[in-house]
Every structure is written in C-alpha cells, then in structure tokens.
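Taking it in order: structure first as structure tokens, then the write-up.
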Amino acid sequence: MNRNVLVLNSGSSSLKYAVVEADSGNTRSDGIVERIGDSEVADYAAALQVVFERLADDMANLVAVGHRVVHGGPDIFAPTLVDDALVAKIEQLSPLAPLHNPPALQGIEVARRALPQLPHIAVFDTAFFHDLPPAAAMYAIDRDVAERWDVRRYGFHGTSHEYVSQQAAEFLGAPLDSLRQIVLHLGNGASASAIVGGRPVDTSMGLTPMEGLVMGTRSGDIDPGVLVYLWRTAGMSVEDIENMLNRNSGVRGLGGEIDFRVLHQRIDAGDAKACQAYDVYIHRLRKYIGAYLAVLGGADVIVFTAGVGENDAAVRRDALSGMAPLGIELDEQLNAEPNGTIRRISAETSPTTVLVVPTDEELAIARACVDLIEQ
Ligand code: ADP
C-alpha cells in the first residue's frame, strides 16, 4: 500500500497542495488555490474544500498531513506533530514572520478540523539552518537587544537546501560529508547557502526571508540606514516600508516584472530598466558566490535549483562567467540544453562541478512526515 502524505503550503492568499507517495517519491497530484479572500474562495476553509474536490481519489491512503511553516523561531526546528501547544507556539512567533506564519496557522487550523483522524506535522523552513555557526548566525548589534528579541539569522528555504544538497551528493556518487557545496535556490524568493559535509555554515536569508539575494519582489540586502531614512525623512510608515521591501522591490521594483521569461523578452527589446534589474540581480548573486567560495575555501559543487535556477540558462551562465581562475567552468552547451532532470552543466575539466538539481520541497516534507510517524 502506498503511504500518501497531503502536503499543504499556505501563503498569504494562496494554498499550494500536493499528495505525495512518500515511498516511491511520486507526486500523485498537486496544484494551487489562489485568491483566497476573494468572492469565490472566501477563506482557508473554502480553499481546502476546493483542494478536497480536486483531489478526490488521491485522498486515499493518506497517513499524514504535512504543513510547511516558514518560521520556527529559536526553539522549534525538527518536524513536529501539531497539537494545541505547538499551534500556540507558532502563534507566538508570528511577530518574527508576520507575512508568513499567520496564513500557515490558518491552514493548519482548518486542515486539523477537516482531517482530525490524521496526524498533522509542521515542517519548518528554518530547521536546516538551526545550527548555523554563531559567526554566521549572529548580527553584530547590541547583544542584549539581540537576545531579548531573538534577533539572529535563521535562514529559510531550508527544506530545499537540504534536499538538493543530498540529491547532489547522490547524483555524484560521493559521500555527503566529503563535499563543500554552494546551493543557489533561485525562485520568486531566492537564497544561497554554503554547506560542508551536509551541514550549512552560512546562508543568505536572516531574521526574515528578506535578507540576501535580489528576489522577484524582495530587495535582499540593503543598508539598514535606508529604512531609518525613509521612515524619518520620506514620511513612510513601517507598513509602507515593509510593503515596499517585500512586494515592490527586487526585480519587479527595478524592472517592473517578476517573471524571468518576460524579463528576458524586455531585455531583448532594449528595455533599459529590465537590463538594470537583471544586472543588479546577477551582480548580487556573484557577490554571494564569491563570499561563499571564501567561506568554504573553494567549492566542490555549485547547485542551481528552483524556478529560475532550474530553467534560466542565461542566469546560470552570467552568474558564473569569468570564474575559470576560481575553478568554475561551465559547459555552455550542457548549460543551454533544456532538461528537467538532475544534471551536470560544468565542463569535464572544471575543478568545481556545477549541477542543476530540481527541488522538491513537497517530497522532502512528505518524507519528514513519514519518518516522524514511524519513530
Ligand atoms: P516560488 O518561490 O514561488 O516557489 P519558483 O521556484 O516556482 O518560485 O520560481 C518561480 C519563478 O521561476 C518565476 O517567477 C520565473 O521567474 C521563473 N521561471 C519559471 N520558469 C522559467 C523559465 N522557463 N525560464 C526562466 N525563468 C523561469
């Protein structure tokens, strides 16, 4: 009998779902319900009903419901069985992730009510980075303030960074603990990590998923002085600033477009703003690659994953061009071939192997759920 896990990822106005066969790794069905809060899908309960209708037969043999939760704060990191105490804890963490944890909680609440007979398991985006070395995890700010308010670098997309780094080792037939890896998760959200022997030693996202790389709509790194200046001088409220940094920055803020396929069309048509957005995106990405090469003392593997990383050959080429002196040489032909499977794109002579590894956060969450209920 297949052991199927329903994986739910509740966003601010969308509910992504998948039914995954944990043993075979096959996805039986997946999709997204969007515009929650609009007239057709009033709330999360209504969205879940839509999911149930779509899944129908695929709801058989469910052994657990896995919930992606973005922020686990300082104390929660392992996949955890949801009970009232955990719900209360995630609620307490909402100030640390005001845009992400409240919708996840709503998703958990309605799913627990709808499927009370199944174990519900929360899997945290921060988990993989829980043991980041202090040198990477700490901000150099007043220690008392940081401790009082749990201000540290938590890291996100952990499920993906962990999954693709394991896949990379498997693909290369190399023990995970022998590899120094740089993982570039480039989707709408984007983050980089430096991994030694399967454990992360640095990552680009911090207290919130806003730090680091330039993203679809988020700024990534910014001088903290900008926030103070805009608040004090430009008359922007905290909400205005948060909204701008999350929704109207990044590639959209600079180039007016979030989708890289369209961005490339605009660049080809000579759109100067689209060109600048792309250049800023690539420049930041190269800076992080350079930083992590220094942190690791050289990389054995560089992995590209997520929507942009898996599909955009130009981004991969431009992120790594001119790095032969650092031991990184792409095979331009392998890089340019569209191909949805795990593959090498570096030249055979390249000391650093460059891979494209499709991520599968739903599968990783499903496996974490099965592991937990088997304990
Ligand atoms: P999310 O962070 O929402 O999970 P994804 O990892 O699905 O994001 O990435 C979505 C992004 O991937 C899109 O916004 C788009 O920019 C990019 N993308 C998807 N397909 C392609 C493609 N064929 N070429 C270039 N970029 C693509």
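Keep in mind that glycine also has a Cβ here, set from the backbone N, Cα and C atoms.
Marked as active site, proton donor/acceptor by TrEMBL: Asp125. Taken from TrEMBL, the feature Mg(2+) binding site covers Asn9, Glu361. Residues or ranges marked as ATP binding site in TrEMBL: Lys16, His185, Leu186, Gly187, Asn188, Gly189, Asp259, Phe260, Arg261, Gly307, Val308, Gly309, Glu310, Asn311. Annotation comment: TrEMBL describes Arg68 as substrate binding site. Residues or ranges marked as site 'Transition state stabilizer' by TrEMBL: His157, Arg218.
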Which of Lys16, Arg68, Arg218, Arg261, the listed recorded positions, has fewest other Cβ atoms within 10 Å: Arg261
Listed recorded positions adjacent to ligand 1, that is, members of Leu186, Asn188, Arg218, Arg261 whose C-beta is under 6 A away: Asn188, Arg261
Coarse DSSP state, helix versus strand versus coil, of Lys16 (ATP binding site): strand
Residues near Asn9 (Mg(2+) binding site) in space but at least six apart in sequence (CB under 8 A): Leu15, Lys16, Tyr17, His67, Arg68, Gly107, Glu361, Glu362
The one of Asp125, Asp259, Glu310, Glu361 whose CB sees the fewest other CB atoms within 10 Å, among these recorded positions: Asp259
Arg218 (site 'Transition state stabilizer') versus binding-site residues Asn188, Asp259, Val308 - nearest by Cα: Asn188
Surrounding CB atoms that lie within 10 Å of the CB of Val308 (ATP binding site), all protein chains: 26
Three-state secondary structure, Asn9 (Mg(2+) binding site) (per DSSP): strand
Most crowded position, judged by CB atoms within 10 A, among His157, Leu186, Asn188 as recorded positions: His157
His157 (site 'Transition state stabilizer') versus Val308 (ATP binding site) - Cα distance in angstrom: 15
Residue pair His157 (site 'Transition state stabilizer'), the residue listed as 'active site, proton donor/acceptor' - Cα distance, angstrom, rounded: 5
DSSP three-state assignment (helix, strand or coil) for Glu361 (Mg(2+) binding site): helix
